[in-house]
Amino acid sequence: MENVLRSILVNSLDFQDHLGSEWKEKAENLEVELQQCYKAQARLSEQLVVEVAESRASKSLLQEKETLITDLQNELNQARDECSHLTELLGEKTKALELLMAEHQDLKAQLEAMTLRANNAEAENKTLVDRWMLQKMQDAERLNEANALYGDMLDKVKAASIEKLARQQVDGVVRQSEDGAEFYVESSIPSTCKQRIPAHDGGCASILFEYNSSKLISGGQDRAIKMWDTTSGSLTKSFYGCLGSVLDLSITHDNKFIIAASSSNNLYVWDANSGRIRHTLTGHIDKVCAVDVSKFSSRYVVSAAYDRTIKVWDLQKGYCNNTIIFHSNCNSLAFSMDALTICSGHVDGNLRLWDVQTGKLLSEVAAHSQAVTSVSLSRNGNMILTSGRDNLHNLFDICTLEICGTFRSNANRVASNWSRSCISADDGYVTAGSVDGSVHIWSVSNGKMFAQSTKLVIILIVKPQMGLTL
């Protein structure tokens, strides 16, 4: 029994040993598998982390793509809206272009019609100009015949003492029935000084008489305009308001307005009765050196300045009607008797005639070898007297610009670019001042010098004495 038990115990121990080795082996296998599982779990965890990171990055990228898609969708919608708007604008512009094309065609047709009318008008105008020139030539011929007849009759007057009959029969001569004829019918050679008047501080630059009056108007460097009684030599009225030296004066034919050209680049118009300034004519950009008033209507004024322009002014409205621009400055100018032509003397020595309405140059002549200083018309309007720095005084026919006489003297020297000369009221004498203060008088008929004096009944512009000599 003991042996049986001992054998059973031995067997049991052997079985336990055998069973324990199997379980141990299994446990070791399981432990190896567990370690492998841990390793696999670690790898899977790492892979999971990578996958999660990639998933998050993919999700972020997806959100960015979705945002970009949304923005692109919005831009696409805006582009579609803008495209629709542009399509509408294109339609409107197309319609406007079609309308403009239609208007262009209409205007083109009108232009062609106007061009045809202009060509016809130009041809008609050329015909009219030719007829006008022919008429002018005929008028000039008749005027020359009248002038010749006038000269012949003056010779007969001197020979047979019939001057009154000649003045009543020949056109272009002042008749005794004309207003103011008593002041101009006869001109005599002065011999004595009648008045000496202290007039202006700094010098007297311009003087003139009122029409049909013995009153004298003067202007000087003291910026004042003064009116004098030549009988007594007393000052009757003064005109103020000019902002520069007075360089030239003119007066309307009805004696209502006095116009002064000034170194302040302006012209000033005074009411002769009230002494107040009516207009200040602005527009020149340099000193105004010459002015004249139309003798036909007393409405229009012409002026010249050292800005190379000649301007025509309307006294009623107070503004410039026309501007003539030329390369040579004008020193002196004058209206023709019919107020349709401007006669101007220039620094280049030429005498030029301009159309008042159009401003076109009608004709010109080389009057002097140096600057023209004075331009004045005869009372009948047929002759133009010019003076120049070459110390010559030339008389021209206003129609043909042919020279009719030249007056000179070795003792006569022109003082400045604004030294004036004039023709006597009966168109029989030419008078000019000299740099030495003397005045020279020539006969128009024979060109001989009658007198040379410093004390005359004629008005003198005296430089150092700052006064007037009568």
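Glycine is treated like the rest: Cβ placed from N, Cα and C.
All annotation found in TrEMBL is predicted automatically rather than curated by experts.
What you see is a predicted model, and the numbers here were worked out from it, not measured in a lab.
Here TrEMBL flags 24-144 as domain 'Autophagy-related protein 16'. What TrEMBL records for 27-131 is coiled coil. Taken from TrEMBL, the feature repeat 'WD' covers 197-238, 239-280, 281-323, 332-364, 365-398, 424-452. According to TrEMBL, the feature domain 'Anaphase-promoting complex subunit 4-like WD40' maps to 328-376.
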On average, residues of the coiled coil (27-131) score a pLDDT of 89
In the same chain, residues at least 6 away from the ends of the repeat 'WD' (239-280) whose Cβ sits under 8 Å of its Cβ atoms read 202, 205-208, 210-213, 217-221, 223-227, 286-295, 298, 301, 303, 305, 307, 313, 315, 318, 418
Across the repeat 'WD' (365-398), DSSP yields 0 helix, 19 strand, 15 coil
Counting only residues at least 6 beyond its ends, the same-chain positions whose CB falls under 8 A of a CB in the repeat 'WD' (281-323) are 244, 247-254, 256-257, 259-269, 329-335, 337-339, 342, 344, 354, 356-357, 359, 417-418
Secondary structure split (DSSP) over the domain 'Autophagy-related protein 16' (24-144) reads 121 helix, 0 strand, 0 coil
